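*Asks:* Straight from Swiss-Prot, here's the annotation block:
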type     : residues : note
ACT_SITE : HIS127   : active site
ACT_SITE : HIS173   : active site
COMPBIAS : 281-291  : compositional bias 'Acidic residues'
DOMAIN   : 28-111   : domain 'EF-hand-like'
DOMAIN   : 112-256  : domain 'PI-PLC X-box'
DOMAIN   : 314-430  : domain 'PI-PLC Y-box'
DOMAIN   : 430-560  : domain 'C2'
REGION   : 258-303  : region 'Disordered'
Amino acid sequence: MKRDMGSYKMGLCCSDKLRMNRGAPPQDVVTAFVEYTEGRSHMTAEQLCRFLVEVQDETEVLVSDAEKIIERITCERHHITKFLRHTLNLDDFFSFLFSDDLNHPIDSKVHQDMASPLSHYFIYTSHNSYLTGNQINSECSDVPLIKALKRGVRALELDMWPNSTKDDILVLHGWAWTPPVELVKCLRSIKEHAFYASAYPVILTLEDHLTPDLQAKAAEMMKEIFMDMVYFPEAGGLKEFPSPEDLKYKIVISTKPPKGSLRKDKDSESDASGKASSDVSADDEKTEEETSEAKNEEDGFDQESSNLDFLTYSRLITIPSGNAKNGLKEALTIDNGGVRRLSLREQKFKKATEMYGTEVIKFTQKNLLRIYPKATRVNSSNYRPYNGWMYGAQMVAFNMQGYGRALWMMHGMFRGNGGCGYVKKPDFMMNNNLSGEVFNPKAKLPIKKTLKVKVYMGKGWDSGFQRTCFNTWSSPNFYTRVGITGVRGDKVMKKTKKEQKTWEPFWNEEFEFQLTVPELALLRIEVHDYNMPEKDDFSGQTCLPVSELRQGIRSVPLYDRKGERLVSVTLLMRFHFL
């Protein structure tokens with residue numbers, strides 16, 4: 001039997017004797033305060049600046065920055081509207097360290113090189129971006145598109161189909177029972193929210209089931225709605241993708257070139273080079289009905305009309321899609337004449353990495369590779385994203401309306417680089433080593449770096465959970481799981497002891513992680529309430545890119561199962577690299 005937090009608080013006077021004391025600073029915090037104040041009761045801006053440089057490794061911080069921190073903390077804690085006191089006491093210092101606004105665990109600004117071609121970046125990518133729930137009969141809507149863009153997703157997918165009278169365009173999941181949404185509504189919402197979270201380009205992946213006249217209509221819609229936001233590539237196709245910096249505030253179209261387009265001679269010399277293919281045809285699981293219908297539509301096209309229509313539509317396509325119809329090896333062949341996108345369902349991608357792992361990585365050094373969930377994931381679950389990232393796949397497409405550890409990893413990866421939706425791939429994935437070999441994620445590699453993680457304490461569950469699944473009669477017994485996900489040799493999970501009967505658990509435990517590929521590693525953090533004999537209650541999670549961790553004592557905010565911020569729920573942790 002479960003009950004909400006309010007009913008739990010009413011039972012605080014019971015014999016359970018719940019410990020509700022406000023957490024005192026850990027000894028490491030006290031020691032640092034004493035050391036940098038030289039034993040005095042207050043810390044000056046100069047002393048705080050020294051602490052930030054020497055302990056927090058913030059080498060570019062100035063005394064003026066420390067003064068702003070002191071002013072902010074003083075105003076918040078003591079309600080001083082005028083900056084009269086220029087120092088922090090121990091409690092103020094502790095409050096600063098526990099502030100995820102002022103002392104966040106990773107850099108909140110874009111800091112990576114954004115001037116390389118798109119193929120050099122992992123791109124925050126959504127699958128069936130318009131679905132509100134499962135893949136069978138959930139409603140199609142522009143709301144999931146808006147949510148994804150606000151979260152920082154940079155690549156969206158729209159499935160375009162003719163309406164029943166063949167004179168307008170709907171967005172829906174084909175061969176299912178999903179109530180459709182009008183394309184025009186989706187495009188307007190994309191325009192309005194495209195750059196809410198990031199200035200870098202939105203890639204619109206179109207799965208095209210339209211006749212030439214409707215393709216032309218779609219092109220006119222996009223030009224009319226997006227106006228100067230839409231990016232027009234150079235005539236004849238690209239030799240190399242533009243950079244995210246080049247494409248700032250632009251919407252980039254990716255789909256199959258229409259049949260008979262000017263790109264045909266160049267891009268369709270073989271199926272591997274971009275012959276008319278949507279994500280559906282990039283998989284040999286196509287149904288006979290689907291293949292037959294596509295052929296009938298093509299055979300029924302009016303050639304005179306389509307010659308005019310494809311000029312309008314194909315002019316918008318920056319990233320032509322390819323397929324694996326003639327086999328994986330041919331699909332992964334590098335075409336020195338241009339660049340393209342290849343889309344593979346997760347099972348076919350797994351097969352590709354098992355048979356042609358080296359070719360996959362070489363392909364992604366120049367081209368884009370998109371992976372999407374298998375058809376049996378009707379509940380909108382997701383696969384492990386590292387399966388794609390380890391082989392350089394830029395567009396690991398996820399069902400953003402789902403939840404679970406795979407989605408937590410996705411959120412974690414793209415908290416990196418200021419949450420802009422583009423994360424630079426490590427140099428070793430883009431360049432061959434001295435022996436001319438590409439990166440092999442299955443190889444046994446030497447330890448490159450050691451990460452020490454100390455979990456001090458947590459707070460906020462008493463106010464952060466409006467309703468909770470904590471056990472009715474037992475007080476919270478929180479513990480934290482800390483681990484690494486990444487290449488096979490780096491994967492590990494550890495956990496703290498259970499902290500008995502308290503809303504503000506204090507663990508003060510340290511863990512050490514030896515990493516062979518820290519550039520691809522994520523730090524996983526989960527908090528649970530021990531609930532024997534039932535299943536332990538989930539109490540918060542986060543994932544953080546190891547390469548982005550800021551050294552020192554940091555405030556780490558936690559999120560719910562769907563990746564939404566748990567208001568006030570925070571851990572105090574310390575990170576140190578050896």
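Each Cβ is built from the backbone N, Cα and C atoms, and glycine gets one as well.
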*Asks:* Using Cβ atoms only, which residues of the same chain lie under 8 Å from HIS173 (active site) while being at least 6 residues apart in sequence?
*Replies:* ASN128, LEU131, GLN135, CYS140, ASP159
*Asks:* Compute the average pLDDT of the predicted model within the domain 'PI-PLC X-box' (112-256).
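*Replies:* So the average pLDDT across the domain 'PI-PLC X-box' (112-256) works out to 95.
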*Asks:* Give the number of CB atoms, excluding that of HIS127 (active site) itself, located within 10 Å of its CB.
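*Replies:* Taking all protein chains shown, HIS127 (active site) has 26 Cβ neighbours within 10 Å.
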*Asks:* When secondary structure is assigned with DSSP, how many helix, strand and coil residues does the domain 'EF-hand-like' (28-111) contain?
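*Replies:* Helix, strand and coil residues of the domain 'EF-hand-like' (28-111) number 44 helix, 5 strand, 35 coil.
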*Asks:* Per DSSP, how many helix, strand and coil residues does the domain 'PI-PLC Y-box' (314-430) have?
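*Replies:* Split into helix, strand and coil, the domain 'PI-PLC Y-box' (314-430) gives 44 helix, 23 strand, 50 coil.
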